[in-house]
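Can you read through this structure? Questions will come right after.
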Amino acid sequence: MAAYKLVLIQHGESAWNQDNRFSGWYHADLSPAGPEEAKHGGQALKDAGYELDICFTSVQKRAIRTLWTVLDAIDQMWLPVVRTWRLNERQCGGLTALNKAETAAKHGEAQVKIWRRSYDVPPPPMEPDHPFYSNISKDRRYADLTKDQLPSCESLKDTIARALTFWNKEIVPQIKERKCVLIAAHGNSLRGIVKHLEGLSKENLKPIKPMQFLGDEETVRKAMEAVAAQGKAKNQNGTSRA
């Protein structure tokens, strides 16, 4: 029996990633480095001989532009693309736009780690007086969402729940039809999908062997280390304090 194929791509570096700011549902575009990272991802797919059938992404600019760049790199821009808010990044509420290191210095690294990494503890909500409240809550792309669906903040648990709702209803049927699926999304929505896959039985799409990173392993390692250091306070020299 042929194996199922699923490709997960996290968006390239955004301008707010570059500034070490909490992005959440703000539609930060890619930084100058972001498209280059996406091109490298596309080249890795091309080198591995991937022929995709359908793509899914969020409604956030950084993920959409990453997907465009990847599809251009593999000359498959004609593929159907489904966009959904359910694959958005976690809504980081009142932390949106704050510098992660400065927030750690103010509230403590332990508290910031809880907000960023705990499973069921959300960050402070985004209140109406937040500078980006209207930018997000009044955005046309969310006009069809109910009040219950439009969050003021989310825990990782909340993010996983809404991502998996879409995963089970829309993505799984495509995979079971033996289509090669690509999802270009965000760290926390993708984390939810991976967590779900790791808990499945073999009969229900559990990966047969460990998931693989395509491309240069050293580049992947450095990127993961950089993400891990984002929530640490800075010392006087501007470097992360371990």
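A Cβ is built for glycine as well, from the same backbone N, Cα and C atoms used for every other residue.
According to TrEMBL:
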ACT_SITE  His11  active site, tele-phosphohistidine intermediate
ACT_SITE  Glu89  active site, proton donor/acceptor
BINDING   Arg62, Lys100, Arg116, Arg117, Gly187, Asn188  substrate binding site
SITE      His186  site 'Transition state stabilizer'
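Show me how these features fit into the structure around them.
Remark: His11 (active site, tele-phosphohistidine intermediate) has Leu30, Gly34, Ala38, Gln60, Arg62, Ala63, Arg65, Thr66, Ala184, Ala185, His186 as non-local neighbours, by Cβ distance under 8 Å and separation of at least 6 in sequence. Reduced to three states, the DSSP call for His11 (active site, tele-phosphohistidine intermediate) is coil.
Just so you know, the Cβ of Glu89 (active site, proton donor/acceptor) picks up 26 other Cβ atoms within 10 Å once every protein chain is counted. In the three-state DSSP classification, Glu89 (active site, proton donor/acceptor) falls within coil.
The 10 Å shell around the Cβ of Arg117 (substrate binding site) contains 12 further Cβ atoms across the protein chains shown.
Annotation note: His186 (site 'Transition state stabilizer') sits in a coil segment as assigned by DSSP.
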Measure from the CA atom of Glu89 (active site, proton donor/acceptor) to the CA atom of Arg116 (substrate binding site) and give the result in Å, rounded to a whole number.
12
In which DSSP state, out of helix, strand and coil, do we find Arg116 (substrate binding site)?
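The residue in question, Arg116 (substrate binding site), is helix (DSSP, three-state).
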How many Å lie between the Cα of Asn188 (substrate binding site) and the Cα of Glu89 (active site, proton donor/acceptor)?
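Given the Cα positions, Asn188 (substrate binding site) is 6 Å from Glu89 (active site, proton donor/acceptor).
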Is any of the binding-site residues Lys100, Arg117, Gly187 within 10 Å of Glu89 (active site, proton donor/acceptor) (Cα-Cα), and if so, which, in sequence order?
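Matched binding-site residues: Gly187, sequence order.
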